[in-house]
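What Swiss-Prot says about this one:
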DOMAIN    129-567  domain 'Urease'
BINDING   His134, His136, Lys217, Asp360  Ni(2+) 1 binding site
MOD_RES   Lys217  N6-carboxylysine
BINDING   Lys217, His246, His272  Ni(2+) 2 binding site
ACT_SITE  His320  active site, proton donor
Amino acid sequence: MAEISRQAYADMFGPTTGDKVRLADTDLWIEVENDLTIYGEEVKFGGGKVIRDGMGQGQMTAQDCVDLVLTNALIVDHWGIVKADIGVKDGRIFAVGKAGNPDIQPGVTIPIGAATEVIAAEGKIVTAGGIDTHIHWICPQQAEEALVSGVTTMIGGGTGPAAGTNATTCTPGPWYIARMLQAADTLPVNIGLLGKGNGSNPDALREQIAAGAIGLKIHEDWGSTPATINCSLSVAEEMDIQVALHSDTLNEAGFVEDTLAAIDGRTIHTFHTEGAGGGHAPDIITACAHPNILPSSTNPTLPYTVNTIDEHLDMLMVCHHLDPDIAEDVAFAESRIRRETIAAEDVLHDIGAFSLTSSDSQAMGRVGEVIIRTWQVAHRMKVQRGALAEESGDNDNFRAKRYVAKYTINPALTHGIAHEVGSVEAGKLADLVVWSPAFFGVKPATIVKGGMIACAPMGDINASIPTPQPVHYRPMFGSLGAARHATRLTFISQAADANRIPQQLNLQSAIAVVKGCRTVKKADMIHNGLQPNITVDAQTYEVRIDGELITSEPADVLPMAQRYFLF
């Protein structure tokens, strides 16, 4: 076989096994673990290239070929960092493997025919669409902002810019749940709604799940008492949905130990588990040690920087309807903001003790920065802590898998949607984000939603080619008209499906049902299942694991930041 240099090969077909790629302007380097495209048989589209009739394109009809192939992609997912072609059919991932013409090429698992479109992913990174599980539905425009950042699934609650929604992620009651499901039918992302879990009458909670909510949110602003926690979890066990918890900062109804006793070993998703976003002061962070607790962070405290503390007080006062002229309100806000626990949070992510990242959109968090901030934490931890013990070789592959899992597969597992989304695997909805390595985690090159391009940077519409400035993100055909309904999912509960809620509401989008929410445990959080022996000093707020102080230094400079947003 004729040979070319490794550099020439990478320029033509993208990096291959053993090549390394830098992620944006971070200190993170990934190494290609395997290449499934078969040397000498690679497919590529273009003038004089391979995907032509009788060459890389076969003679089969649409029934026997894929609708879309992403060629020579470098996949970064929880299961590996692999070069492969990705085939998509009927809006779902058909296979990850070798694309081409099976009549003349060996090892083809993704047949290309006249019905096949091509996205050229040579030299590009492909990840699964992000999943944000902490959405305050304050305004519908959040969906567009999230989508252009690489997030394709949004889970949360709310009804618009009402005081309740500004503070809590709850869509309260069957009437609002119905209206929000109808409104979400027009959004270009997958959605799932959380009902209000603050209630001691189980029927008031059951009716919300039966109306279409995929989970319940318990929030201290509505009263996170042991009674409401127990009631919500009892209904959850009965109806197979998840419960999300923002616990009692003021410790009015009990301490963290009382909340854990009310949870009683049942699975629960704890929001902003560090505590600045809310939760038992100062030691809600210790909840991450328990096998039934699925701990997440919201992004205002990620990563820890020299500005983190200063910006939090004003954010908190606005979001939780507090009055700066009332001393008790100020004291409440200040009790949630602790340098010591914030400094420990990044480390807890790096060792896999915190399992998920999310936004807290417009309610202290930034909906378009889940992915950016997750990778900024990964960078900061490499700079401060060096290579992880789990790494093999001179690369950051394990760290990359750990961090990508925090906003893809682990939120999917937590909320019972991993059978539909959350990874680049056959059978799942083709929600795929294509990145140029230099812009990884910051600005996607293409966002594929349900097998069709939904959003992409696009140049002057009157130009002779697609690239002249001004270039900015624009909605594409996959997010327009009835195509939007065909390429997105609305998640509902099993009870709502049995009640034919989508038919009653005349929803046009594809429907998916959540399942397995009650059996998932911390150990199931991929690369993020550590259950440390963690303590917090009640006076100094210092965090320790097995007696060792856990802390980090605040950053004064970050990658993936201003240099990317000058244009």
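Glycine residues also receive a Cβ, built from the backbone N, Cα and C atoms like all the rest.
Positions of Swiss-Prot features highlighted on the structure.
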{"residue": "His134", "record": "Ni(2+) 1 binding site", "DSSP (3 states)": "strand"}
{"residue": "Lys217", "record": "Ni(2+) 1 binding site", "DSSP (3 states)": "strand"}
{"residue": "His246", "record": "Ni(2+) 2 binding site", "DSSP (3 states)": "strand"}
{"residue": "His272", "record": "Ni(2+) 2 binding site", "DSSP (3 states)": "coil"}
{"residue": "His320", "record": "active site, proton donor", "DSSP (3 states)": "coil"}
{"residue": "Asp360", "record": "Ni(2+) 1 binding site", "DSSP (3 states)": "coil"}
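Between the alpha carbons (Cα) of Lys217 (Ni(2+) 1 binding site) and His246 (Ni(2+) 2 binding site) lies a span of roughly 8 Å.
Within 10 Å of the C-beta of His246 (Ni(2+) 2 binding site) we count 25 further C-beta atoms, all protein chains included. A simple Cβ count within 10 Å picks out one of the recorded positions His136, Lys217, His320 as the most packed, and that one is Lys217. Confidence in the domain 'Urease' (129-567), given as mean pLDDT, stands at 95. Cβ neighbours within 10 Å of His134 (Ni(2+) 1 binding site), excluding its own Cβ and spanning all shown chains: 33.
Geometry remark: the residue listed as 'active site, proton donor' versus His136 (Ni(2+) 1 binding site), CA distance 13 Å.
A Cα-Cα distance of 9 Å separates His134 (Ni(2+) 1 binding site) from His272 (Ni(2+) 2 binding site).
The Cβ neighbour count for His272 (Ni(2+) 2 binding site), using a 10 Å radius over every protein chain in view, is 27.
A Cβ within 8 Å of the Cβ centre of Lys217, His246, His272, the residues given for Ni(2+) 2, is found for these other residues of the same chain: His134, Thr168, Thr169, Ile218, His219, Ala244, Leu245, Ser247, Thr270, Phe271, Gly277, Gly278, Gly279. Between the alpha carbons (Cα) of Asp360 (Ni(2+) 1 binding site) and His272 (Ni(2+) 2 binding site) lies a span of roughly 9 Å. Separation of the C-alpha atoms of His246 (Ni(2+) 2 binding site) and His136 (Ni(2+) 1 binding site): 13 Å, rounded to the nearest whole number. A separation of roughly 14 Å, to the nearest angstrom, links the Cα atoms of His272 (Ni(2+) 2 binding site) and His136 (Ni(2+) 1 binding site). Excluding His134, His136, Lys217, Asp360 themselves, the residues of that chain whose CB lies within 8 A of the CB mean position for the Ni(2+) 1 site are, in sequence, Ile135, Gly156, Gly157, Thr168, Thr169, Ala244, His246, Phe271, Thr298, Ser358, Ser359, Ser361, Ala363, Gly365. Asp360 (Ni(2+) 1 binding site): 29 other CB atoms within 10 A of its CB, across all protein chains.
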